[in-house]
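See below for the structure under consideration.
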Amino acid sequence: MGSLFRSEEMQYCQMFLQTEAAYQCVSELGELGLVQFKDLNTNVNSFQRTFVNEIRRCEEMERKLRYTEKEILKEGLTIPDYQENPPAPVPKEINDLEVEFEKMDTELRQVNTNYDALNQNLVELTEIREVIHKTQDYFLLYGQDFQYMIREETGVLHEEAVIGRQQQPALGFLVGTVLREKVPVFERVMKFITHGMVFMRTEEIEHILKDPITGDELHKCMFIVFYQGDQLKNKVKKVCDGMRATIYPIPDSPEEKNSMLRGVNSRISDLEIVLTQSNEHRQRVLKVAHREIRSWTIKVEKIKAIYHTQNMFKVHQNSLLAECWFPAKAIDDIRRALTTGEKVSNSTIPTVIQPMLTSESPPSYYKCNKFVKGFQSVVDAYGMSTYGEVNPAPYTCITFPFLFAVMFGDAGHGLIMFLFGLFLVLKEKSIGSKRITNEIANTFFGGRYIIMMMGAFSIYTGIIYNDFFSKSVNIFGSQWHPVIKDNEWHADKIQLNPITAHHNVTAYPIGVDPIWQPALNKILFSNSLKMKMAIILGVTHMLFGICLQIFNHIHFKIYVDIVIRFIPEFLFLACLFGYLVSQVIYKWLWYDATESHCAPALLIHFINMFMFKYSSSDTTKEKCDPNWMYYRGQDIVQIMMFFIAILSVPVLLVAKPVYIICKRKSIRKTVTDHESLISNEIPPANEDAKFPSGSTTEDRDLQHRSDHTEEHSIGEIIIHQTIHTIEFCLGCISHTASYLRLWALSLAHAQLSEVLWTMVLRLALTMAGRYVGAPIIFVIFFLWANLTVAILLLMEGLSAFLHTLRLHWVEFNSKFYMGEGYAFTPFNFNHILNMRSIDEIS
């Protein structure tokens, strides 16, 4: 059948590539994306491989591109994606790229260095200007009379402590800046070091400066320190150096201050002009890089990927030897790609492809479309299928959303989910081109078809349950014709008892009759219906999984497993729980509401089946007994079912080990007889000569096992089969009970939906009057809608999704799916085209 039902047929080959054509041929194969190369140099250190120097050149180009990309992003620009796919440059073009990148990197680094240096000078000059202004204001307020200034500041004239005697020389001062957060510590350290022999005043600079390196805001304060003597001056300078404070040489006279201020302002004006020109030049360089950065990155990453792949090949004289897996159907496309590579590289010697035989298991590869890809990912998360076995994904496309909908059965909630999934499907091109980085959003977008299908099936099951936001829809009119006495109408509680209140000819056309919505015994009715439905769906699902074994046995040519595994497992499950399902359907068809009191108690009958306890009907009694046998020959049928199921267990337990042991002895005898006939000949190297033409892969496995001791092999086989038998038999019981989650979650979802209606929206409809109630209803409806989305759609939807996942992974896949293979990971450039930045690919 198609590749979706089973993995594509894979082929293992050797490729002999000429050295001059290898690069271009590998490039074409990367564009094709259908060849998985095997590393033939696993024992060689990565630094000792053939193309390590070329990879280092690519890493150097990556470093330069990464720096350029960082500068582009620093400017607030985004890396444009023009959906381009430039081919990998030929080896001659790599040198041109290196020269271009070196020129761009050097120019950009030089511009940035000059710009940062000019910016640093501008910050320093701005600080000097602010300090001069603050100093001028300070001296204009107090003048040159320092003693009067200190007296005004402190209220006390410290002639002895600060100024000293009047005969001593005048005070000197130092002016500078310090970070605002260091001012308290700066003041305490200054006072401690100088023993309070200096006078200091600080004032915050209103102008906010920016660090030219980091771009962070710098909040600084200006300080002025008055001292007397060179000793205190040296101490003040040391404190400033320790606290990373900057001291500026401010002159004493006002004329010199004004002259210095004019010079500073002139230099600031010149710097701003130079900075503007430098920034314009930088923007021009970045503009060119911004336009080409993605194309350059793709080219460099393709070159690096090609050389990494070539490092997996063995070098043989003037050619490279490669081994690879690829789909057998793709052989023509691969030859075409190799021919194109040979033409581009002007090689006259064609590439040789030689098929090989190997004992290694091939990788599994499925050619999926966009719809199936999401469901295939669900299956692969459990385990990649063993090569050649049946793929559950085609059936999961139907069973997964259906079982989810059984637990999420509300047409209103399903409609919202369906519309959301449909929106993602219709907008998949525009949304996919945005390259969303949010992981949760990507998860929803990747499962858009799953969401849409789950919503569509939920609408169907919601119609069957007749649930639309927890309310029933009466389209065709109820088929119930109540027969209730007049005095019962005034009772507080009226139940829809089918015996006393039911009178109808036909059922409701679609789904559950809406009359059950207001019934007090609604939960009893839905309990019985959904519980039996869960068992029917579960047993059917498991029987279908067992039937899929046949395709595996036929494909692997292990026909004996159909007899010693499939038939016993099918009979065990069908004779026990399949029989129970048939009795549920029989009871639904044979007994209507008027005969419900005579309907058999299926649970009691199922227990009596194992106890061989049967009660025949008594014709002398008028009343019915649910424990009586309800069809002719029930005891004989159930005894047969019981013994068939029980006898299937020893067949499962014993048949497979006995068959393997006998088959092994037969193969050993055949090999011994063959060797005795050709004792005078050299044994062939080909392993196929050891086996007859009709031998299967199982025969080879049995021969390989003969390397171990016979006792160990037999014990291992028996233990393995015993574990499998116990696991299957107990699993049939536990897995059947596990499907009751379909019933439990369906009831939980319905009850939660009804609680939200009763306690939120219904409450708003009974509040206030016609005019006051309108805004109240609007607000409460908004609250109800948010709770519905948050609780019922997201939380309940996630819960139902996880339970459905478990039913497929454990209950369904365990019946036929081994999942012990590995995925086909071809060499291609798709991951390079899907990257968002060069850091992501690195």
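Using N, Cα and C of the backbone, Cβ positions are placed for all residues, glycine too.
What you are looking at is a predicted structure, and each value in this text was computed from that prediction instead of being measured.
Listed in TrEMBL:
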- 94-128: coiled coil (COILED)
- 402-426: transmembrane segment (TRANSMEM)
- 447-465: transmembrane segment (TRANSMEM)
- 533-551: transmembrane segment (TRANSMEM)
- 563-586: transmembrane segment (TRANSMEM)
- 636-659: transmembrane segment (TRANSMEM)
- 682-709: region 'Disordered' (REGION)
- 697-709: compositional bias 'Basic and acidic residues' (COMPBIAS)
- 771-795: transmembrane segment (TRANSMEM)
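With Cβ pairs under 8 Å as the measure, the transmembrane segment (533-551) is packed most heavily against 402-426, out of 402-426, 447-465, 771-795. Two recorded stretches are said to be in contact when at least 3 C-beta pairs lie under 8 angstroms, sequence spacing 6 or more; the transmembrane segment (402-426) and the transmembrane segment (636-659) fall short of this definition. Per-residue confidence over the coiled coil (94-128) averages 89 (mean pLDDT, predicted model). Within the chain, the coiled coil (94-128) has long-range Cβ neighbours (under 8 A, six or more residues past its boundaries) at 57, 60-61, 64-65, 67-68, 71, 177, 205, 207, 209-213, 218, 220, 246, 248, 264, 267-268, 271-272, 274-275, 278-279, 281-282, 285-286, 288-289, 296, 299-300, 303.
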